[in-house]
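Novice: Sharing a structure, written as structure tokens. Questions coming.
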Protein chains: 2
Amino acid sequence: MNPSSSDATSWTPGRPLRVALLGCGVVGTEVARLLTRDADELAQRVGAPMELVGIAVRRLGRDRDLDVPDELFTTDAAGLVSRGDIDVVIEVIGGIDLARDLILSALEHGASVVTANKALLAEDGATLFEAAHKAERDLYFEAAVAGAIPIVRPLRESLAGDRVQRVLGIVNGTTNFILDAMTTTGQGFSEALDEAQRLGYAEADPTADIEGFDAASKAAILAGLAFHTRVTIGDVHREGITDVSAADVRSADEMGCVVKLLAICERRETPDGPAVSARVHPAMIPRSHPLASVRGAYNAVFVESEAAGELMFYGPGAGGAPTASAVLGDVVSVARNRRSDVFGPGESTHAQLEVLDMGRARTRYHVSIDVDDRAGVLASVAGAFAEYDVSIKTVRQEGSGSDAQLVIVTHEAEDAALSATVASLRGLDMVRDVTSVMRVEGGF
Amino acid sequence: MNPSSSDATSWTPGRPLRVALLGCGVVGTEVARLLTRDADELAQRVGAPMELVGIAVRRLGRDRDLDVPDELFTTDAAGLVSRGDIDVVIEVIGGIDLARDLILSALEHGASVVTANKALLAEDGATLFEAAHKAERDLYFEAAVAGAIPIVRPLRESLAGDRVQRVLGIVNGTTNFILDAMTTTGQGFSEALDEAQRLGYAEADPTADIEGFDAASKAAILAGLAFHTRVTIGDVHREGITDVSAADVRSADEMGCVVKLLAICERRETPDGPAVSARVHPAMIPRSHPLASVRGAYNAVFVESEAAGELMFYGPGAGGAPTASAVLGDVVSVARNRRSDVFGPGESTHAQLEVLDMGRARTRYHVSIDVDDRAGVLASVAGAFAEYDVSIKTVRQEGSGSDAQLVIVTHEAEDAALSATVASLRGLDMVRDVTSVMRVEGGF
């Protein structure tokens, strides 16, 4: 913590800390409800009472099932954050441009900010963190990654004396629900998506989830925290789950694996020094891996750290109440800081490691190949792998005659070499089709 | 954070933060190694260099495999902590009296303290926290509970806006290793203990682990953090695992359960208002519970919170490097605070909830009873339960004739009623023996 020298808003004993809420959807409503209901308890924890002084909404007059005075609601979010007497602004409206403007204005006007806005942080966190640093205010965002699961604070503080090697996260509940349903029932992707939509686990437009955009935002944030390097969503390789087939899930099962959409952030030693890789894609992981048993819409983040070893953080990754819990934990922290006119640790980017593109990430492949069942086929398939220095771990032939199939799992190699190998396989005479290619992670 | 007004030790830009280490055993050696090896990286994270200025040891001249100058070692721990120019003292000597004296002296002389000493915190944390508060210094202790797993900071900060209902922890690796071996191999307790000792998972004198003292210290600390109430080890009901038999483990298996030594901290609504229960005992939990798959010497803490829902934190609960990771995370936090002359959140005891004795804890029992196989036996056994208002969930008769056995699982009731029921069963004519009694936890 650093003492703050800004005097735009100084708290003096006796007055409550003023809190403004931007957005009153599912999360905002729950935040407002808990701030109001638990006001006495929260005052004890902060060391000063907090007062909710305004709630910015798009439209007035909705029935919000909240026990707060009508006059708190306003459609003038910009006016609310620039009042100049707000101590803490909570941003849960989402989106990019408006949210950024409001957060920047709040910081300039002396408020600390708590946000759940992963998309904005992953796209343009640098602008926000620099503004917070300049304003000597806090910008906290525990709710932006994996909902209620405390992962930002552990990475930023608990592991601050350690060296994180790898973060593997199931950070999107919608895709985990779909893949889990495919694993459990044998359903295909579309059926499982339909069911997820019917049950409310997937939105009407599920693009952000199933194409991996949401997970990629979180991967950027996690990589930045873990490796003290600025990582944006543009640095994150992204593949969604729309191409995962029931056959892929069955192949995984035969290998003793399950298919998960993983956010993977790794530190890699390269000839040019340490570097970082951040990527989101479906992958097979062994059933014995702690992430394999993360079911339904739950999230989990698995951290491999040099001294701490293997840690896992598990819990609900979304939803109004869980996200509100993470938001309010941050609100208590930044309110304590405002009360004392200090601020907590800001963005940590001193390492500035190179962010590798996907071709230079190291991983393993599981490849299923329909082949002609004749002499020499294995030699020529193996030759394609050797051509790119990709070492084969296991080969299994299944079926025979016109059903012959080779299932190959490689050792670790650079992704570029693996994809060149697959392209080369596709050009081979004896290869009828490369039916499935999936990365294998988690120490299989 | 609060700005500190003490001027015993004020950091000024340009000088390094001075760190003193008390104890150079397995954990201390690793702390010293990382502090030295990663000095540049840690300086970036703290915002100022840290310098290890002294290491207090019991005896000089041991070969410690550490790349630090000989003159740092001293046997005068008291002199080291009272030099008056130390910013951070790390206490990893363990034990009660000497550690307490040194921590108090360190705080009085202007240092913040990082400790891994669960026994001292559970016995007399109040004295230490009051001294830290008075000195306006930090007392951090992430390493005291569950080794490398970040659980103190999440409870103290991430969940500060939520209401924790229950904490279930596997917080002792030795007993988890033994129970896991019993589950996997069918071994009895002594065999499994022997193996754990042979493999280095249990100490030559395993009392603190197998009798539950270590877990009880951690339960006291967790309960205090979770419920904002002062809880000492004297408040914690404690039963070890020495009476757990191979038959208990088999019974659990037949129920779809495993046996774990749990640290359980619960908030309970009583007619007199909310109260707290803290206890350590072996219990059956369903195999589907996330804690059931915590294998070997790993630790995990499962938290049920009103808004966040169910969270789990998993990782290595002991060992030099993992504990050093937790210690160094705290060192970075308190060093950042010293640099800015502020201090973080201290002890939170405003709730001061009543701590219930074991008789008033609510739980369920699994009871195996050898009975005479004749008419009326079930009626009279059921009568004993009814007498104390304990409701039966399931009854199963096994065997017949002289092998007849009743296996009964109850609904939740106060522990006093459950144990009175068992005493009453033992007095029944038709009951030959109550062969096993074990609590059932985790939502079976």
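From the backbone N, Cα and C atoms, a Cβ is placed for every residue, glycine too.
Checked TrEMBL, it gives:
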BINDING   A:L22, A:G23, A:C24, A:G25, A:V26, A:V27, A:G28, A:T29  NADP(+) binding site
BINDING   A:K118  NADPH binding site
BINDING   A:E203  L-homoserine binding site
ACT_SITE  A:K218  active site, proton donor
DOMAIN    A:366-439  domain 'ACT'
Novice: Within 8 Å of the centroid of the Cβ atoms of A:L22, A:G23, A:C24, A:G25, A:V26, A:V27, A:G28, A:T29, which other residues of that chain place their own Cβ, given that this set defines the recorded NADP(+) site?
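Specialist: Other same-chain residues with Cβ inside the cutoff are A:L21, A:E30, A:V31, A:A32, A:V92, A:I93.
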Novice: Can you give me the same-chain residues 6 or more apart in sequence from A:V26 (NADP(+) binding site) with a CB-CB distance under 8 Å?
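Specialist: Same-chain residues close to A:V26 (NADP(+) binding site) (Cβ under 8 Å, separated by 6 or more) are A:G319, A:G320, A:T323.
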Novice: Measuring Cα to Cα, how many Å separate A:T29 (NADP(+) binding site) from A:K118 (NADPH binding site)?
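Specialist: Per the Cα atoms, A:T29 (NADP(+) binding site) and A:K118 (NADPH binding site) stand 19 Å apart.
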Novice: Around A:K118 (NADPH binding site), which residues of its chain at least 6 apart sit with Cβ under 8 Å of its Cβ?
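Specialist: Looking at Cβ-Cβ distances below 8 Å from A:K118 (NADPH binding site), excluding near sequence neighbours, one finds A:F141, A:A144, A:V145, A:D214, A:S217, A:K218, A:I221.
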Novice: To see if you understand the setup: which same-chain residues, six or more apart in sequence, place their Cβ under 8 Å from that of A:E203 (L-homoserine binding site)?
Specialist: A:T174, A:Q197, A:D209
Novice: Can you give me the same-chain residues 6 or more apart in sequence from A:L22 (NADP(+) binding site) with a CB-CB distance under 8 Å?
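Specialist: In sequence order, the residues whose Cβ lies under 8 Å from that of A:L22 (NADP(+) binding site) (at least 6 apart) are A:G28, A:A56, A:A77, A:L80, A:V81, A:V89, A:I90, A:E91, A:V92, A:I93, A:A99, A:L102.
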Novice: Mean pLDDT, the domain 'ACT' (A:366-439)?
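Specialist: Averaging the confidence scores along the domain 'ACT' (A:366-439) gives 93.
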Novice: Give the three-state DSSP assignment (helix, strand or coil) for A:G23 (NADP(+) binding site).
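Specialist: Note: A:G23 (NADP(+) binding site) is coil by DSSP, not helix or strand.
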Novice: Does A:G23 (NADP(+) binding site) have same-chain partners at least 6 apart in sequence with Cβ under 8 Å from its own Cβ, and which are they?
Specialist: A:A56, A:V57, A:E91, A:V92, A:I93, A:G94
Novice: Go through A:C24, A:V27, the listed binding-site residues, and name the one with the sparsest Cβ surroundings, counting other Cβ atoms within 10 Å.
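Specialist: Comparing Cβ neighbours within 10 Å for the binding-site residues A:C24, A:V27, A:C24 has the fewest.
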Novice: Could you put numbers on the helix, strand and coil content of the domain 'ACT' (A:366-439), residue by residue per DSSP?
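Specialist: Reading the DSSP string over the domain 'ACT' (A:366-439) gives 26 helix, 30 strand, 18 coil.
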Novice: What residue among the binding-site residues A:G25, A:G28 has the most other CB atoms lying within 10 A of its CB?
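Specialist: Output for this query is A:G28.
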